[in-house]
Amino acid sequence: MSDNAQLTGLCDRFRGFYPVVIDVETAGFNAKTDALLEIAAITLKMDEQGWLMPDTTLHFHVEPFVGANLQPEALAFNGIDPNDPDRGAVSEYEALHEIFKVVRKGIKASGCNRAIMVAHNANFDHSFMIAAAERASLKRNPFHPFATFDTAALAGLALGQTVLSKACQTAGMDFDSTQAHSALYDTERTAVLFCEIVNRWKRLGGWPLPAAEEV
């Protein structure tokens with residue numbers, strides 16, 4: 001059996017990157033000025049046969065940082081009331097500190113080197129997480145500073161769809177539009193979608209890579 005056929009560990013699959021699925025809900029589009037209101041994260045794992053699956057889930061409602069913009073259109077879109085005491089919101093520091101702690105443990109346990117964000121239209125989520133981490137003065141950010149796995153692009157390639165709901169449905173997954181734009185629900189769906197795309201590529205024979213033929 002070739003060495004490539006043995007590549008069933010998470011650290012082998014993504015060049016040492018530890019994929020973590022993230023979704024955020026915000027009060028606008030500007031990561032520097034608009035509030036981060038909700039964040040969810042799901043770590044991933046591989047079984048002994050190399051199939052990817054969701055692992056640990058974390059979810060936080062987040063207090064707007066001091067001076068944050070709250071765009072009415074964004075709040076109407078996601079249905080979040082930042083002043084609702086029942087949200088149980090925590091500071092950006094508390095939410096990201098806990099996520100980063102769990103992610104660092106996962107990196108170590110899996111033998112990976114660094115985390116990489118998986119998200120749908122990932123630049124948006126990545127920019128808000130990075131901005132919040134900077135505001136919170138969190139120096140040990142385990143995520144790559146710019147590289148991401150964008151499921152909008154991956155789903156466009158694998159499924160011919162770039163909208164999360166349509167990509168999930170095309171992949172044979174349930175998608176409840178009434179729960180959409182909840183960071184927790186969108187993260188769960190994105191995690192399952194990413195695993196399906198990665199596992200589908202494996203089922204089609206794309207991974208492990210075939211060994212180079214000896215001359």
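Backbone N, Cα and C atoms are what each Cβ position is placed from, and that goes for glycine too.
As the structure is a computational prediction, the values presented were derived from the model and not from experiment.
The annotation active site, proton donor/acceptor is assigned in Swiss-Prot to His181. Close to His181 (active site, proton donor/acceptor) in the fold, though at least 6 residues off in sequence, lie Glu25, Phe77, Asn78, Gly79, each with a CB less than 8 Å from its CB.
Annotation comment: Swiss-Prot describes Asp23, Glu25, His181, Asp186 as Mg(2+) 2 binding site. When secondary structure is read from DSSP and collapsed to three states, Glu25 (Mg(2+) 2 binding site) falls in the strand class.
The Mg(2+) 1 binding site feature in Swiss-Prot is assigned to Asp23. Sequence-distant neighbours of Asp23 (Mg(2+) 2 binding site): residues of the same chain at least 6 apart with a C-beta under 8 Å from its C-beta are Ile39, Ala40, Ala119, His120, Asp125, Ala183, Leu184, Asp186, Thr187, Thr190.
Residues or ranges marked as domain 'Exonuclease' by Swiss-Prot on the basis of sequence analysis: 20-194.
All protein chains shown were included, and the count of other CB atoms within 10 Å of the CB of Phe29 (site 'Important for substrate binding and specificity') stands at 13. Residues or ranges marked as site 'Important for substrate binding and specificity' by Swiss-Prot: Phe29 (among others).
DSSP assigns Phe77 (site 'Important for substrate binding and specificity') to a helical segment in the three-state reduction. Here Swiss-Prot flags Phe77 (among others) as site 'Important for substrate binding and specificity'.
Counted within 10 Å of its Cβ, the other Cβ atoms near Phe124 (site 'Important for substrate binding and specificity') come to 16, all protein chains included. Feature annotation from Swiss-Prot assigns site 'Important for substrate binding and specificity' to Phe124 (among others); the stated evidence is sequence analysis.
Residues annotated as site 'Important for substrate binding and specificity' in Swiss-Prot, with sequence analysis given as evidence: Phe146 (among others). A strand conformation is recorded for Phe146 (site 'Important for substrate binding and specificity') in the three-state DSSP classification. For Phe146 (site 'Important for substrate binding and specificity'), applying a Cβ distance below 8 Å and a minimum sequence separation of six or more within one chain yields His126.
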Cβ neighbour count within 10 Å of Phe77 (site 'Important for substrate binding and specificity'): 13
Alpha-carbon spacing, Phe124 (site 'Important for substrate binding and specificity') to Phe29 (site 'Important for substrate binding and specificity'), which is rounded to whole Å: 8
Local Cβ density at Asp186 (Mg(2+) 2 binding site) - other Cβ atoms counted within 10 Å: 25
